[in-house]
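Take a look at the structure set out below.
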Amino acid sequence: MKLLTLGINHHTAPVAIREKVAFDPEFLQEALHDLRQHLLGANQSGLPEATILSTCNRTEVYCAANDANAANILHEATFDWLAKTQQLAPSSLQPHIYSLPQSDAVRHAFRVACGLDSMVIGETQILGQMKDAVRTANDAGVLGTYLNQLFQKTFAVAKEVRGSTEIGTHSISMAAASVRLSERIFEKISEQKILFIGAGDMITLCATHFVARKPKNVAIANRTIERGQELADSISAQDVQAESLKLSELPGRLHEFDIIVSSTASSLPIIGLGMVESALKQRRHKPMVMIDLAVPRDFEPEIARLDDVYLYTVDDLGVMIQTGTNLRQAAVSQAEAIIEDRVGNFMHWMQGRNAVPVIQDIQQQGERLRQLELERAMKRLMRGDDPQEVLNAMAQGLTNKFLHGSLHALQHSNGAERDALIKLLPKLFASHSKPEDH
């Protein structure tokens, strides 16, 4: 079985590229089915396994396939599928892609789950996102034995690393960085009005950090008004005035807000240049801070050219969250050591799994030989032959049949193959214990 991780992340590509490769969560199962069919069409034997992890900072395809030439086939087929599915020219995607086979794929999965490959070193949100990706693949019926085992081991390693190191102790989250960036423009958050667009985990986390500064008021604009109202109610319970808006209300109310934080799964921008220009006129060009945590982006990038708008993307926040790196270095080294050991364990498991078909074939062949000799012995006993002679003949027959294949291979081999067999056969037939004396 061959493993492969092919992807793109914040290390290899800017947000302008990453947003073109990101998958809409609503269509992820459909994409997984399409990927499997594409891999099947690439001359794969058996059913390929697949999982897609798509977040604001990375899009990764994890694959497993049972084929002697699977490594090259998996890379070519998966890259071709990704480029075609996201309607990108291969030449524009290739410079940003990484392709990790076998143990490199395992190591990468472990590092991602532990937060070692994140923009925020040690952050925990990625682990939940990986679990969601695995759940989606399982629901789609494309997870399979090998990837399921890989991710179960991945989650166990992440738990071990977080429990035995201080990997997340000194990290600064995206939410905290959003507050700090806003405070560069507005000294007191308590005097500002804040708009959150979206109501998912990221916005909920951001709201927690901003609400701690007791802003003047807060509004939640979300696709489903009920979810937005739930978040608004939880904010109101903290003595901060909050309300829920429909997305359709944004053009008429955008000018009311000083700080706007957005993180949705929309495939198209929610806030356009014209909408912001109109809002600035109504504000008489009072500054606005806009923080875009979405991939694909929720704000049209042209907005950044406006003089009175401070637009930040996830890549911009990356500069702030690098603080604390030196303090985390010892924990990172400890985590890497744990991961390296667990990679070896998983690869040993994979090698054992690869031997299962051979073991089953040998066991089935042994059973056929046993049954054949047993039937012959039973017939002789039915004829009244001497039981001692029958037992001796059955034992001799089993011995000859079990040794025939190995001796035949040795006698008809030469060169390096013969040398290898001479070293191997004694190990195969070595006794594991001395016979007991009776």
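Each Cβ is built from the backbone N, Cα and C atoms, and glycine gets one as well.
If you look up Swiss-Prot, you'll see Thr55, Cys56, Asn57, Arg58, Ser118, Glu123, Thr124, Gln125, Gln129 marked as substrate binding site, on the strength of sequence analysis. Around Cys56 (active site, nucleophile), a 10 Å sphere centred on its CB holds 25 further CB atoms from the protein chains shown.
Summarising the annotation, Swiss-Prot assigns active site, nucleophile to Cys56.
Take the CB of His108 (site 'Important for activity') and look out to 10 A: across all protein chains shown you find 22 other CB atoms. Annotation source Swiss-Prot lists site 'Important for activity' at His108, citing sequence analysis.
Residues or ranges marked as NADP(+) binding site in Swiss-Prot (evidence: sequence analysis): Gly198, Ala199, Gly200, Asp201, Met202, Ile203. In this structure, Asp201 (NADP(+) binding site) is part of a helix by DSSP. For Asp201 (NADP(+) binding site), the same-chain residues 6+ apart in sequence whose C-beta sits under 8 angstroms from its C-beta are Gln125, Gly128.
Annotation note: Thr124 (substrate binding site) sits in a coil segment as assigned by DSSP.
Here the C-alpha separation of Ile203 (NADP(+) binding site) and Cys56 (active site, nucleophile) works out to 13 Å. Nearest Cα neighbour of Ala199 (NADP(+) binding site) among the listed recorded positions (Asn57, His108, Ser118, Gln129): Gln129. Apart from Gly198, Ala199, Gly200, Asp201, Met202, Ile203, the NADP(+) site neighbourhood in this chain, defined by C-beta within 8 angstroms of the site C-beta centre, holds Phe196, Thr204, Leu205, Cys206, Ser263, Thr264. Note: Ser118 (substrate binding site) has non-local neighbours Asn57, Val112, Ile126, i.e. same-chain residues 6+ apart with C-beta under 8 A of its own C-beta.
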